[in-house]
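Visitor: Next up is a structure, given as structure tokens.
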Amino acid sequence: MSEPFTNYMRYVVAILGCAGGALINFVEYDSFYSGGLHPLFLEMVYYVALIQFPIPTAILAERTSAKSLMIVTMILKFASLVLLETQQYVRESYSIAVIIGRILQAYATAAFPPIMYLFIGRWSPPKDRGIMAMIIFSGLPIGSMFRLAPFFLWVIFQMRTFYVFGALALLWIVLFWLLVEDHPEADHWVSQKERTIILEQLHRSEGEYLRKLQPFPFKEVFTSMPFWVLLAVHSGLEGAFTVLKLFPKSIETTEGGNFLTIILMIIFGSSVTCLVKRNKVNLTQARKSTVAFRKYKIL
């Protein structure tokens, strides 16, 4: 193996992590068959499961094998895709299969960040962690971007989605299994030079990863102010995203309306109110203009 390649194995790990994130985020399930269940119920199942998985997954990855768990995560992502999509084509659909599919999807989404953070902590010197994290987590928006690209949309609709995803996931699993190890000390692709640099900057010795792990410091984590600050930030970000995503769906599904009309009503109503308060128009003119807009479907 060439020297430049083996001197930068940590970036190979990061690139494969990026590809894994793109695959995790490659398929959108919202349009799949709901098995007769309310879409908001399925979203609730998804987000409740999403909250439960990260910490247990991180502990399991640290105490077993992050590499194997990441491969299992990709397989479960494929299983969720098969369960959710094939329900459209079977003679008798099963709601439990759709629920299990959504739970598996939530697990795959929730498991990716803690497993990758473990790889970053083990493979990257402190000064390189920002670069490695940027490469890995750029895979998630890349997956969304490819999902929206016309060519990939054509491929997905012309072929069964799980064929496309299954082929890409199989290729990724093979490369990840052959090239990546849980620790740089155990990786036969990495050069001794890079291994020494990583271990020295992380203040670790060659055989340290074989030692028995200490109990997880739950008390220290949950009494840490930075932990709660980050939790509040992420909850606000994801919570706002969830509301923005689910509220239009709720209006469309339960009320039979279009969320865009509410936005336009607010804008138009606020504009008319502002004009009336500034004496630009009177109430009669405001009422007649509103009726005219409604009559001729301008709004």
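Quick reminder: no glycine exception, Cβ is built from N, Cα and C everywhere.
Copying in the features that TrEMBL gives for the protein in this structure:
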- 7-24: transmembrane segment (TRANSMEM)
- 44-61: transmembrane segment (TRANSMEM)
- 96-119: transmembrane segment (TRANSMEM)
- 131-156: transmembrane segment (TRANSMEM)
- 162-180: transmembrane segment (TRANSMEM)
- 259-276: transmembrane segment (TRANSMEM)
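How about a rundown of where these features are and what they're close to?
Guide: For the transmembrane segment (7-24), the residues of the chain that approach it from at least six positions outside its boundaries are 70, 73-74, 77, 108-109, 112, 116, 119, 123-124, 128, 131-132, 135-140, 142-143, 146, 165, 168-169, 172, 175-176, 179-180, 184, 187, 189-191, 193-194, 198, judged by C-beta separation under 8 angstroms.
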Visitor: What same-chain residues lie close to the transmembrane segment (162-180): Cβ under 8 Å, and 6 or more beyond its ends?
Guide: 9, 12-13, 16, 19-20, 23, 26-27, 67, 70-71, 74-75, 77-78, 81-82, 85-86, 119, 155-156, 187, 189
